[in-house]
Structures are given as C-alpha cells and as structure tokens.
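TrEMBL has this to say about the protein:
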- 30-124: domain 'Ig-like' (DOMAIN)
- 129-218: domain 'Ig-like' (DOMAIN)
- 229-314: domain 'Ig-like' (DOMAIN)
- 1-16: signal peptide (SIGNAL)
- 364-387: transmembrane segment (TRANSMEM)
Amino acid sequence: VIFIYVVFLLSTGVSTERVIVDPHITAILGKKIELMCVVHVQEALTQISWEKVHNGSTQTLAVFNPTYGISIPDEYQDKLSFKTPSENDATLVLKEVSFTDAGEYTCKVVTFPYGNTQASTTVTVMVEPKVSVSRGSDPLMDGGNETVVAVCTAENGKPAAEITWVSEVFGEPVQTLIDEPNDCVTVENRYNWKPTRFAQGKQLTCVIRHPALESEIRIPFTLDVLHAPEVAITGYDDNWFVGRENVQLKCNAAANPGATQYSWSRLNGELPAGLRIANNTLIFGRPLDHNDSGTYQCEVTNDIGSRTNTRNIYILDPPPTTTTLPTTPLPHTTAGITSLAATKRALFTSPTLESLHEGPLGTIIGGAVGGALFLILLIILVGVCYMKKRRTFRGDYYTKQYTGPSDMQKESPLDVLQPHELQQYNDPNNGSLKQKTNEVIYPDYSKDVKNNEWGNVENMNRCTEGDTLPVDYYEDRMPVGTKYAQDDYYEGNDGDFVSHLDGSVISRREWYV
C-alpha cells in the first residue's frame, strides 16, 4: 500500500511542490552562486543531498542529515557549503565557479515512510569578457589615407559580446569574431577613418554589452592627429600710428606635435631697428614710425613640417588728439595759496604746448567742405536767375501801346465775364448782356456810349497792333493830379493785375503812366 501511495505522489507532481529550486541559474566564471533548495514535508525527514550528473553518472556533492550533520567530500571542502542547513532549507553555495561547474544539479529529499522526493536545476557558466581599446598600428596623419583609428576588443567572452561606437567623426566600423576554447569568443571591432586635423582632440567611445555585465561598459578614445602648424598672427588692430608705443605681434600656432621653432621676417626688407623677438612674439620696443610699415611674416616649425603666415602693417599719421599736455606735476609744498595760484597761472599762460602736426587728412576734409559750400551757392544763384527770368514781362512796357497776344502772351480772361458771373454783373442801365457762341459773355453798350466815351467805334474796331488804346473813358474817373485810376475802380487785387502765360504779372495802373 505504501509503495502504491509513493508512486501516486510522483505521478501527480506533488513532489515538485515539496522541494522548490531555481530551474535555471547563470553563473559567471570565477564568481560564486547559490543553488536554492527549500523543503516542505510533513513526514519525518531522513536526509537532504545534492547530486550532479556528470558524463552520464551521478556524483554526490553534499549531504545534510538532521541527526549526523553535514558531509562533503574532501575535493569539494573549499568549494561547497550549505548556506543555512535545516530540515526546511538545503541551499548550497558554490564558490569560484569554473567551466566544469556547468551542468545539472539535483536536490534530493529522503523521508519516512514515503521515500524520496527531488527537484533539479541547470547551471550555465558565462564568461565576462575582458575589454580594452587601443590605437591603430599607424599614426594618424592629416590628409592621409583611410586607416584604423582605434580597436575595441572584448576578449574571451561567453557568449560573444556586442560592440558599438559613439563617434564625433564619420568613420566605418569593421568587426571580427575569433573562437576561443570553452565556447568563448573574442570580438574585435576596428574603427576606420580618413584623418583630418580638424578632428584633432575629438573623441570616440567604445560601448560593450554582455549578459555577464551588470551594465554596459563605455571606454573613451581621444583622436590624436599629427599635422603641421596652423599659423595666425595677432596683435595688430588697424590703428597703429606714428608715436604709438607698447605694441607687439604674436605668432599663434596650432601644431601636433607642438611647435619647436618660431622665426620672424619682413617681406619688403629687413626688420626695422629696435625690434626684438621673445619666443613667438615680435616686440616693438620703441615708438612707431612710418618705417615700420610693411608685410611681416612668421614661420613655425614642428616635427611634421613648417608653415607661414603674413600680416600687413600700416603706420598712420598721428591723430591730433595724441598731443600730450605738460606732465610737470603741481608742487605739493606749503608755500601758501598765493604761490599755488601763481603756479597755476604759469601753467596756463606759458606757451608750453607743442604745436599740432598738420597732416594731409585735415587739408582734404577742408577742401571737400569748401567745394561743397561753393557748389551749393552756385546752385542757389542759378535758381534765382532762372526764377527772375521767368517773371520778366515779355512785350512793350509802354503800356499805352497795344501789343497783340502772341504764343507767350495771350489776352487775359480777367476782363471777360464768365457764365457764372452773369447775374453779378447784369446792369440794365448800361445795356443788356448777350452770350456769344464761344460761351464768353461781353457787355453790349449802346453806340452813343461807345462814340461819346470811347471815340469812334469803327476806328477802334479797325485798330491794329501798335495803335494807341482810347483812354478818354477812364480819365473822368482819375483823381485830379494823378495818372492812376481810383482804387474803387478795381475789384480787389485780382482785378488790379494782368497775368501772362510766362508767369509774369503787370498792374493795370501802369497803363495810365
């Protein structure tokens, strides 16, 4: 009956619930692992043992007996141990895992009267790769051919590691896998790139990922590109003038390896006297003069080669503001206020200021201003003459002589009544108004009025250019002793003047002069 009951328990899987283990454990080579075994039984516990299947046979590694204690073979004394041995916990600690420790392990529990119950776990050994980054075999030369910049290696990993690059330059990675013993793999990833000096100092980063690693590994690599010097000259601010002091030119060089020599020269002649060279600096140890103008060249040399750069220097005339005041200090004595005042008067009245230097710039500016003023005055005079000429009366100013209208002088329409003025000037005593076909209104006086006051009408109608206009009609309206008509004869300022097409006007009062 007991045998039948044990078979029933094994067939229904109850034993797996009585012994609990991890079904799979990953171990890292050289590290320790724990093989968990938790026991839940109600019957009497005889013993708990760990066994390993190796080459088709079973080998007992450790035994825990509640009565007799722990038993471990001598070859495993330093490698195996129970964590907290008891009737409910038989977790086994495996130290310094090696490749031979991979395989299947079984936790077996013996009880009475129901017999054995067990559960198994599989141990897999991984190998953490050894990672490194090294530079390529050839140095990186500016402008050279494509070459291996750096090599990132994950050595003897199990399984193979994953390698990627994070780069500030654009290159091409090439990966190689190398099989190693115990199913390990070495991964080499080469980064190929065509060197240029503009990438000097930039970084590559090798990123390694592997299951045996707690996190990814990132290894930076700094690019070291060899190149000849890049030369730049500084210190000149385009405002060097005669008399300026404490100026210098500095030769800056970006070189890899560093610069070993600096040399200065002037292309249009020898270096002026009074200059000295200190490392990469050309120092002007005296006030500037016009002889310092020229093209200065700096040559820099390193192990790769030599490069030069030039700078054009122009020495200007001194500006007027460079005149210096007397530098004699005021006396700091206690001779009295009178002595101090006398000293100040002497400073201001004494002609100690040096005369200002006259340069060509002031002459040029003065000439330009004078020329502009003369041109403006000439334009004003021409405009005045032109306007005066336009307002000049064209014709005979002896206004009693009739001058017929021409292209430049037409008969003024001011004496002619317009249609809208018909009601305003209608005078039934002097005659009716009639309108001609051209829509211009003329007053129609009687023939007697025309003969008595105007003279002979027929003669007037037959008058030609140059005949004298009859003025008897207006003489009775003139004040005694004057040749001008009365003011009430003229209707406002507009009626007092006759305009011409050329823009000139003439007063009607002049007609009686």
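Cβ coordinates come from backbone N, Cα and C, glycine included.
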Secondary structure tally of the domain 'Ig-like' (129-218) (DSSP, helix then strand then coil): 3 helix, 54 strand, 33 coil
Outside the transmembrane segment (364-387), six or more residues from its ends: residues with CB under 8 Å to it: none
Number of helical, extended and coil residues in the domain 'Ig-like' (229-314), per DSSP: 3 helix, 48 strand, 35 coil
Segment confidence, the domain 'Ig-like' (229-314), expressed as mean pLDDT: 94
Residue distribution over DSSP helix, strand and coil in the domain 'Ig-like' (30-124): 6 helix, 55 strand, 34 coil
